[in-house]
Amino acid sequence: MKVWLLLGLLLLHEALGDVAGQHPPKNKRPKEQGENRIKPTNKKAKPKIPKIKDRDTADSAPKSQSIMMQAMDNGRFQKPAATVSLMAGQSVELRCKGSKVEWSYPAYLDTFKDSRLTVKQNERYGQLTLVNSTTADTGEFSCWERLCNGYICRRDEARTGSTYIFFTEKGELFVPSPSYFDVVYLNPDRQAVVPCRVTAPSAKVTLHREFPAKEIPANGTDIVYDMKRGFVYLQPHSDHQGVVYCKAEAGGKSQISVKYQLLYVEVPSGPPSTTILASSNKVRGGDDISVLCTVLGEPDVEVEFRWIFPGQKDERPVTIQDTWRLIHRGLGHTTRISQSVITVEDFETIDAGYYICTAQNLRGQTTVATTVEFS
């Protein structure tokens, strides 16, 4: 009896051990719609680093920002295209953002102080208005903001704006020229331009020689055509000289430009080539004396003269006369001769000494001197 009792207790102990080793069932519930069904884990997620796209090195530099806006017919403003075509007679209003705006426009408008053009500076923008436009107004209109540090100002290259405006008119294909015959100087060390600009960007333009009569091809090597400038001679030489004209065709119509005389310049660019010569280096009292300062230069380069003379401190009265003319030296070579003459009447002892002439052009200046003695 005891044996059976012990055996029963042993079996009951093993049964209770098996029940204790089992995991109790989980209290499951239905997941709601949209609930994440991915089981959470204890793994640490690596932080995602956003990829940075490579940029061109040029992007790191400040880009030029167009500050120009054009007034439209509907009263709104928009950035103008690089080239704009308008009918002659239309008005133009351009605005450029900035408190200190400067403008550039066709020189034709500035030369004659044209009242049709108005430039104003408002608090936040500059304004340019052109009314009753003509084909002669065709050209580049640009603006830029001026940066100033005290009295020193410079142009802000990052804030500019520009547009080239064609003012078209029926039967007028070329921008009018102030004369019927223009001179273009050919310098061997810089480009030369035959300025036959058109009023319509769609016009086909060709260059022609008057004699012998033939078309001069714009081959892109020696000569190129730029509708904003005209025909550009990239490397002028003496063979290019002669009389030429342009021919434009558009809309089934053609037109001939004014004629251009191409003259080759033999004098190299640089400071004035200057000489000085006195009518006499020994002068008696009471006689008159003249000192001549001469410059040989390029036909289209102006020269300014300045004199220093012995009687200047004593306010000695003198006469100074400046002149210039073109001289032809054969084979079509042309030179500009500029002269300045200082004349002293009734020579006195205070007039004896050094006569110094300084000639200046855009490329520099040259000073020469000669002495005049009292005899």
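Every residue, even glycine, has its Cβ placed from backbone N, Cα and C.
Predicted, not measured: the structure shown is a model, and the values here were computed from it.
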According to Swiss-Prot, the disulfide-paired cysteine of Cys96 among Cys143, Cys148: Cys143
Per Swiss-Prot, the disulfide partner of Cys293, chosen from Cys246, Cys357: Cys357
From Asn132, Asn219, the one Swiss-Prot labels N-linked glycosylation site: Asn219
Rounded to the nearest Å - Cα separation of Cys143 (disulfide bond) and Asn219 (N-linked glycosylation site): 34
Cys357 (disulfide bond) to Cys96 (disulfide bond) - Cα separation in whole Å: 47
Densest Cβ neighbourhood among Cys143, Cys293, Cys357 (disulfide-bonded residues), 10 Å radius: Cys293
Cα-to-Cα gap, Cys293 (disulfide bond) vs Cys96 (disulfide bond), nearest whole Å: 48
Distance, Cys96 (disulfide bond) to Asn219 (N-linked glycosylation site) (CA atoms, angstrom): 39
DSSP residue counts for the domain 'Ig-like C2-type 1' (62-159), split into helix, strand and coil: 8 helix, 53 strand, 37 coil
